[in-house]
């Protein structure tokens, strides 16, 4: 309540209730009620407890934020929780009063930054695969199907055999062509030497 009329020698103080969006939370001689606090979403806040005629609004951080300035149990300013980077994991979750704590993944593990524990790199061998790309602290190993050694050797052997056969054929064709040309030249010379 706020003071409507102060007391005199013959009358007591008259009070009236605070109007909406104002309050007085302890006895005093104020002639005006105090404006209720506004929980500004731009400051990372939301209403925890609404204002009444006898108590101020109590604000709390929005989900994903933590309080950086508190007064009489009400948050006046909040900031967004830190987002862990790829290669880091969430060591400690953020709360309404504390930020997220991030830590680096160790060798052989990875995280995209949103995990609470780093994941072990996939062991391609255990899946009957081979490693295509090694893992990092932010990415898993990439696996691929194993190309069998016998298949690789067979392909290389077939290619080598093809090259050898092709060379032999080319040599034979050249020999035949050169003997055909040589035989034609000899026949021409022989017929030129014959008497007419």
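The backbone N, Cα and C atoms fix where each Cβ goes, glycine too.
Here is what TrEMBL records for this protein:
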- 18-33: disulfide bond (DISULFID)
- 17-59: domain 'TNFR-Cys' (DOMAIN)
- 17-59: repeat 'TNFR-Cys' (REPEAT)
- 149-171: transmembrane segment (TRANSMEM)
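Within 10 Å of the C-beta of residue 33 (disulfide bond) we count 19 further C-beta atoms, all protein chains included.
DSSP gives residue 18 (disulfide bond) a coil state; it is part of no helix or strand. All protein chains shown were included, and the count of other CB atoms within 10 Å of the CB of residue 18 (disulfide bond) stands at 21.
In the three-state DSSP scheme, residue 33 (disulfide bond) falls into the coil class.
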